[in-house]
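Swiss-Prot lists Gln232, Gln264, Trp371 with the feature cortisol binding site. Annotated N-linked glycosylation site per Swiss-Prot: Asn74, Asn154, Asn238, Asn308, in sequence order. Taken from Swiss-Prot, the feature site 'Conserved cysteine within steroid binding domain' covers Cys228.
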Amino acid sequence: ADPPGGDISTRSPPRGLAPANVDFAFSLYRQLVSSAPDRNICISPVSVSMALAMLSLGASGHTRTQLLQGLGFNLTEMPEAEIHQGFQYLHHLLGESDTSLEMTMGNALFLDHSLELLESFSADIRRYYESEALATDFQDWPRACRQINEYIENKTQGKIADLFLGLENPAILILVNYIFFKGTWAHPFDPQSTEEKSFYVDDTTTVMVPMMFQSSTVKYLHDPVLPCRLVQLDYVGNGTAFFILPDKGKVDTVIAALSRDTIQRWSKSLTYRLVHLYIPKASISGAYELRGALAAMGIADLFTNQANFSSISQEGPLKVSKVLHKAVLQLDEHGGVEVAATGGPLQLVSEPLTLNFNRPFLILIFDDFTWSSLFLGKVVIPA
């Protein structure tokens, strides 16, 4: 498959959703970065898109239109049925068993148990999104939190626990979306080369982190347009990761320029170079209540008394109390045992470059086949 930088407008089945999904991804990423400028950010935009598209099956009227248009879909060009079929296919492709990839993603709706759920809605979210709506007693808030946490812990085999720490006050309808990802590098790092090194958080803060190292031929670019350098590292399977090192103090400049066009330009401009590469070993995670970010992006009706969710339940005015998203990304040395450590085509003519991710950096992970943005991350302090 072409890289995510290929022609993203192509309407082949797994890619029909890509333009809208990628545009939504960068909009959401920028909202969250601007709301927490000094914090790590880790989101899985494609799984948030999937969750909101699923929710639209229960919406009617303006609420439904606003949800789908807010996700970037032009409803005159793409019929609604095609959107849900596209996500159904995407969910199937991303969820196919790839032994080299540990990835668990999913959505669930928790609905106050006093409301009667429409069977047609349950059937639709099961069919298209392999999801379910669960009755919850929100009057007993500690127990409701426990139910949601246990549900997600079970679904992720314990990889994601305690999503619901510190959330309180009454609710009627909560949309939960989660993803855990740990890929296998096509060209692994040698664990014996990992050493504690300094990471410069800012001018006054330095922390020690385990720093992975490899010297190999990788796709590299010193961007002539934006103040950054980057490498593209492939996972076994369809995953590919861009590690972007902005010049000192230029993180915000690079984030502001992230777009489909930028990714396409990078993909065309990267060339194989021999690089001494240092990347922190870390587990990066983010937990978000997305109400503020979505409202700022024009997806606001669902949280207000204007909401129309008559396709979920016909009892009563119903609005969404919270949209929760939890993403966990593990970066470690491991590669496929069967992969020979050769890297890309050898270019012995070039002097080796050193690229050291020892200050705040960005990471973008795409699924190459579907052009889905699996993860967008900003790493201020590797954890």
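Using N, Cα and C of the backbone, Cβ positions are placed for all residues, glycine too.
The structure, with features from Swiss-Prot marked on it.
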residue: Asn74; record: N-linked glycosylation site; Cβ neighbours (10 Å): 10
residue: Asn154; record: N-linked glycosylation site; Cβ neighbours (10 Å): 9
residue: Cys228; record: site 'Conserved cysteine within steroid binding domain'; Cβ neighbours (10 Å): 20
residue: Gln232; record: cortisol binding site; Cβ neighbours (10 Å): 21
residue: Asn238; record: N-linked glycosylation site; Cβ neighbours (10 Å): 20
residue: Gln264; record: cortisol binding site; Cβ neighbours (10 Å): 17
residue: Asn308; record: N-linked glycosylation site; Cβ neighbours (10 Å): 19
residue: Trp371; record: cortisol binding site; Cβ neighbours (10 Å): 27
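When the C-alpha distances from Asn238 (N-linked glycosylation site) to the binding-site residues Gln232, Gln264, Trp371 are tabulated, the minimum falls on Trp371. Reduced to three states, the DSSP call for Cys228 (site 'Conserved cysteine within steroid binding domain') is strand. Candidate binding-site residues: Gln232, Gln264, Trp371. Nearest to Asn154 (N-linked glycosylation site) by Cα distance: Trp371. Counting only the Cα atoms, the space from Trp371 (cortisol binding site) to Asn308 (N-linked glycosylation site) is about 32 angstrom. Across the fold, the C-alpha of Asn74 (N-linked glycosylation site) and the C-alpha of Asn308 (N-linked glycosylation site) stand 20 Å from each other. Separating the Cα atoms of Asn308 (N-linked glycosylation site) and Gln232 (cortisol binding site) is a whole-number distance of 44 Å.
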